[in-house]
Amino acid sequence: AVGAAAMEEPAAHNGSAAGAAPGTGTPARPPATPEGMALAYGSLVLMALLPIFFGALRSVSCAKSKNSSEMPETITSRDAARFPIVASCTLLGLYLFFKIFSQEYINLLLSMYFFVLGILALSHTISPMMNRFFPANFPNKQYQLLFTQGSGESKEEIVNYEFDTKDLVCLALSSVVGVWYLLRKHWIANNLFGLAFSLNGVELLHLNNVSTGCILLGGLFIYDVFWVFGTNVMVTVAKSFEAPIKLVFPQDLLEKGLDADNFAMLGLGDIVIPGIFIALLLRFDISLKKNTHTYFYTSFVAYIFGLGLTIFIMHIFKHAQPALLYLVPACIGFPLLVALAKGEVTEMFSYESSAEILPHTPRLTHFPTVSGSPASLADSMQQKLSCPRRRRQQSPSAM
């Protein structure tokens with residue numbers, strides 16, 4: 001999910017693929033009907049909300065998981081500061097590749113790469129849902145894929161993945177979708193993979209605190225605006241890149257059915273990047289132990305507002321829009337205003353998500369006032385270390 005999120009961010013924009021490139025001699029497609037456009041953009045909004053909502057819910061259980069194969073990847077402030085630079089280099093590199101080399105061969109390699117990633121992501125996504133359909137007497141055997149380096153005390157684990165027979169069934173079903181996508185490149189198969197990538201990104205990519213989230217969203221805000229408004233690089237890559245890095249929905253579905261080909265698109269980066277911030281606020285809500293999810297719902301509504309504003313502006317100006325231009329201020333500003341009104345700004349910015357991931361790791365939350373000789377201080381510290389540690393109770397919370 002980490003690699004997918006980093007590669008998908010270059011296509012993070014909202015735009016319409018309708019029409020032909022100027023100067024190509026290809027006849028432009030007929031304009032979409034108002035009904036078709038409303039259906040397309042409404043479907044895109046709905047598809048964007050699903051992985052954010054369910055990915056945020058799954059990120060809570062993922063943070064408490066003890067299974068090494070499901071441990072989240074934590075984004076620190078240093079990672080957040082470097083992310084826009086890495087994404088810009090990746091985007092520019094893809095643009096140059098498409099300009100220099102044959103687009104057909106590049107997309108063939110990318111299709112194989114995302115074929116494997118998509119199968120794994122989709123299998124991980126449907127696994128919890130598929131468990132309900134298996135009978136109680138289903139012969140479920142446990143497996144472990146272990147790959148190590150070295151021997152003896154210097155042995156290092158490279159891969160340690162645990163799975164069972166049910167996971168293999170989910171993998172087989174996902175492979176059917178993968179073959180369908182590889183052979184037909186159908187937009188439904190593309191969206192199934194795109195939704196799986198988005199949900200896995202929101203679930204498994206964790207921001208360590210709100211400050212890191214503000215750095216990440218702020219940096220990508222500038223990145224998105226520059227590459228969409230400053231150059232044609234973003235739009236060119238998004239339209240040339242034949243991989244499930246964006247959600248698409250046909251605007252001519254009512255006229256042509258499933259064979260429609262006039263697509264509106266939304267990049268997965270516009271889902272995953274705000275989504276991991278919204279998931280962080282959900283974990284912050286749970287840490288307050290108030291049995292409310294004020295910040296989560298506030299940011300979720302803010303995302304709907306920002307995405308709706310993006311579509312409205314794009315429809316008015318008939319130009320691809322950097323969705324993060326509208327999503328970032330909404331997703332950060334709305335929860336911050338709520339925190340100011342409730343007097344919880346300090347609690348919000350002092351919350352550390354890593355404490356939920358590793359609940360048994362001792363953390364220094366304040367500096368105690370001590371007095372006396374160094375010997376007495378050492379004795380006091382020794383007594384505290386010898387006391388049995390109590391396991392912190394997690395209060396159950398339901399959405």
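Even glycines carry a Cβ here, placed using N, Cα and C.
Feature annotation from TrEMBL assigns compositional bias 'Low complexity' to 1-27.
Under the heading region 'Disordered', TrEMBL lists 1-30.
Annotation source TrEMBL lists transmembrane segment at 38-60 (among others).
The transmembrane segment annotation in TrEMBL covers 80-98 (among others).
When Cβ-Cβ distances below 8 Å are used as the criterion, the transmembrane segment (105-126) is approached by residues 1, 3-4, 97-98, 167, 170-171, 173-175, 177-178, 181-182, 185, 192-193, 195-197, 199-200, 240-245 of the same chain, each at least six residues removed from its ends. The transmembrane segment annotation in TrEMBL covers 105-126 (among others).
According to TrEMBL, the transmembrane segment annotation covers 204-229 (among others). If you look at the transmembrane segment (204-229), the same-chain residues 6 or more away from its ends with a CB under 8 A from one of its CBs are 1-2, 5, 9-10, 12-13, 59, 62-63, 70, 72-77, 79-81, 83-84, 87-88, 91, 235, 269, 272-274, 276-277, 279-281, 284, 320-325, 328-329, 331-332, 348-354, 357.
Per TrEMBL, the feature transmembrane segment maps to 263-282 (among others).
Positions annotated as transmembrane segment by TrEMBL: 294-317 (among others).
Among the features that TrEMBL reports, transmembrane segment is placed at 323-341 (among others). Here the transmembrane segment (323-341) has long-range neighbours at 12-14, 213-214, 217-218, 220-221, 223-225, 266-267, 269-270, 273-274, 277-278, 281, 294-295, 298-299, 301-303, 305-307, 309-310, 313, 347-348, meaning same-chain residues at least 6 beyond its ends whose C-beta is under 8 angstroms from one of its own.
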